[in-house]
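Each remark here refers to the structure printed beneath this line.
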Ligand SMILES: CC(=O)N[C@H]1[C@@H](OP(=O)(O)OP(=O)(O)OC[C@H]2O[C@@H](n3ccc(=O)[nH]c3=O)[C@H](O)[C@@H]2O)O[C@H](CO)[C@@H](O)[C@@H]1O
Ligand SMILES: C=C(OP(=O)(O)O)C(=O)O
């Protein structure tokens, strides 16, 4: 039986939440451990589904993953790395986006890999053409097979010159994780430079890699013959931090996000201030609060780092339903990230979706058939409805809208939330939310 979360709305969220290591770094750091010839230690690891999935995949490949029962730190020992059976790996098809990043490390370690079909949030087509093109340029043989792809590099991998059509986070990580032990020099142009990528680079450097981040999105990697283990504390999850910040605004609340880091949230904090939210930064985190009075409408465009991150967009839209006037959000990273607004409209929000680029810069989706711009008119009185969680951030948005609404909402499909928000129920209850799971 599917669990249902019953939400009684109308109560501001107030209190403290503790945010740990980033969902968009930790599983990749775990994959990087495969490249070492000794054990690695990863600290600040959150208890989320993507970490469980990668733990299982690494274990199937002979990596010994042990968790400290007190701190939750992971020790990853790749010394027994081996080929895993495709049938067993296939059980993890559709669970997360991380398996594709096993390609380089597995080819360096055991010469081959079977990668199951990917999962992750359904917010666009999410092709992997950049990954596969790059891997082929390194010299890998890539074949589409039933249920995934098979990849091998029995004669080794060599450094190469690459340029991405778009600064993809995953493809940049793919190149890093492959190039560090490839023979010779790799130059990647139009690379993504998200904080999670820079943290992955820090990890690889600790392992012995030679990586230079140059100006204008160019990354240069000199392949080395061997890498050791690492000891690293994962950077905090800026996307979870931004989600709770939007929740504070939407519910007229006051949330201290312990562990949030100002540097990684610069563009979010600017937007937060413009909308009329307030925040106070201290050494251990950031307090986000609604200072009273009206919220201002905004024009926001999502972008690659250092722009306004796409994963912040969905929770922010809920806060914008409470602003006085017309806001515009132009989603330029994913072509289909506004599906979640259906439930907000049923709750009473006024949101229109458009195919045109309603922003300063035309994006890749402009002349195509994608509803990728939203016009939000507020403030709207929201009322509780029943909904099914569509994806990670969309689901979070529905839940904070339900918490801001009058009346009762019932949410099903709540398990998706555990992909990226650890101890979600405890956190909600700790903030005073009236929620029950049955
Ligand atoms: C686990 C993880 O870290 N997920 C994050 C990662 O996803 P992910 O790494 O999957 O996102 P990408 O940066 O690769 O995707 C950005 C854009 O590039 C396109 N693209 C990507 C690869 C490719 O081979 N071909 C292609 O066309 C995608 O369809 C998308 O339109 O970065 C996204 C953008 O910051 C975030 O929203 C996700 O939370
Ligand atoms: C899109 C997201 O995640 P993933 O890439 O793992 O689907 C997200 O975290 O908002």
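Every residue number used here counts from 1 along the chain in the order it is shown.
Just so it is clear, glycine is given a Cβ too, placed from its N, Cα and C backbone atoms.
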Per TrEMBL, what member of 326, 329, 333 joins 97, 311 in binding UDP-N-acetyl-alpha-D-glucosamine at one site?
333
Among 24, 97, 121, 311, the recorded positions in the record, which have a C-beta under 6 A from ligand 1?
24, 97, 311
Under 8 Å by Cβ from residue 121 (2-(S-cysteinyl)pyruvic acid O-phosphothioketal), same chain, sequence gap 6 or more:
391, 392, 393, 394
Give me the Cα-Cα distance between residue 311 (UDP-N-acetyl-alpha-D-glucosamine binding site) and residue 23 (phosphoenolpyruvate binding site), rounded to a whole Å.
12
Please work out the number of neighbouring Cβ atoms within 10 Å of the Cβ of residue 24 (phosphoenolpyruvate binding site), leaving out its own Cβ.
26
Indicate whether residue 121 (2-(S-cysteinyl)pyruvic acid O-phosphothioketal) is helix, strand or coil by DSSP.
coil
